[in-house]
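Asker: Pasting the feature list from Swiss-Prot:
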BINDING   11, 347, 348  Mn(2+) 1 binding site
BINDING   306, 311, 359  Mn(2+) 2 binding site
């Protein structure tokens, strides 16, 4: 029987500080729990939403129960006995970091057990010899930034100077990343991409996981805004991914929606679809669920939870986006085929109530739905790789090097 897998990854949707959170300075972080608490206490009310966090479809798949198992606390406003239709687990990250690439790679069978390179200095973050080499190879006359920053704030602070000089803005964060900001029209999108490609080649030996192009538009700080033409340049995964096994062993289709292809350096991806907003990501995902052939894996990263609300520490915005996603999840469930396996998960936390603006080291929810899957708690996963191993089992692929299968279908012992 031909099968399909649909993975919906809510970027940054952690469910509580993991057992090693202290090592990352993240004790007390709980993305879901703290959003739910704020909503329950009417501290996340806005023109768009109010009251307790309402996620009935995620709850039916086991979200609240997964959080309860992870933290011993049910998120405020959630049901202790929901109408459960899914099987659920929670997962601890094995990888040595709390970034997007580490989380995504691990769940597809390539945990990051080495240390990425980082730029730890808050100011003058990048080594002079690196900056000099970038200038020499790209012929840019100068640069701005060279610091740790919030991506939206640095555009406000330096965007006008960038328009005067056309010097690109360089910045980083606690992640293994080198980000380049430039005006999409005045500097040029192709010029920005070319600059990022050169920078990536220079930085790859330092094990910098990603160089990210961050284009923006607008005439002054009041109307500057990022565009949908972000592009990530990532190091290639160091181990064979589930995607590659699926293509080699079953001639499967691997469909990337959003930034998935960039995260995996386009390894094992057969089709790519971009989308600019949360609504567009939902629309494209539903279109593929309706139209993709059997023997396909559809994988969407819903980046806006992280980029628009987690990093910006916007509790109300995060809650509103979750409620919008939950309403669209109803459509997903209605359009699944007879033998589709649906998985909802995350890659790390980014608690909008927590100090700073960085990711948070948290457990992630792992929620499964299939018509023949018994609703039940599947336990704690010691690695996100259990997700990939479970998919390999479902699709009849050879096992991955990491992870264990979590799935037990009706009729199986």
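Backbone N, Cα and C define each Cβ position, glycine as well.
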Asker: For Mn(2+) 1, what surrounds 11, 347, 348 with a Cβ no more than 8 Å from their Cβ centroid?
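Answerer: Neighbours found: 9, 10, 12, 13, 14, 100, 103, 104, 306, 346, 349, 350, 359, 364.
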Asker: Residues with Cβ closer than 8 Å to the Cβ of residue 306 (Mn(2+) 2 binding site), same chain and 6+ apart in sequence?
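Answerer: In sequence order, the residues whose Cβ lies under 8 Å from that of residue 306 (Mn(2+) 2 binding site) (at least 6 apart) are 11, 12, 100, 350, 359.
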Asker: Which chain neighbours of the Mn(2+) 2 site, leaving out 306, 311, 359, have a Cβ atom within 8 Å of the mean position of the site's Cβ atoms?
Answerer: 11, 12, 307, 310, 348, 350, 357, 358
Asker: Name the residues of the same chain, 6+ apart in sequence, whose Cβ is under 8 Å from the Cβ of residue 311 (Mn(2+) 2 binding site)?
Answerer: 150, 151, 350, 357, 358
Asker: Select one residue from 11, 347: among these binding-site residues, choose the one with the most other Cβ atoms within 10 Å of its Cβ.
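Answerer: When each Cβ's neighbours within 10 Å are tallied, 347 tops the list.
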Asker: How many other Cβ atoms are found within 10 Å of the Cβ atom of residue 359 (Mn(2+) 2 binding site), counting all protein chains shown?
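Answerer: Other Cβ atoms found within 10 Å: 30.
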Asker: Any same-chain residues 6+ apart from residue 348 (Mn(2+) 1 binding site) with CB under 8 Å of its CB? Would you list them in sequence order, or say none?
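Answerer: In sequence order, the residues whose Cβ lies under 8 Å from that of residue 348 (Mn(2+) 1 binding site) (at least 6 apart) are 12, 14, 93, 98, 99, 100, 102, 103, 359, 360, 361, 362, 364.
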Asker: Would you identify the secondary structure of residue 348 (Mn(2+) 1 binding site) according to DSSP, in three states?
Answerer: coil
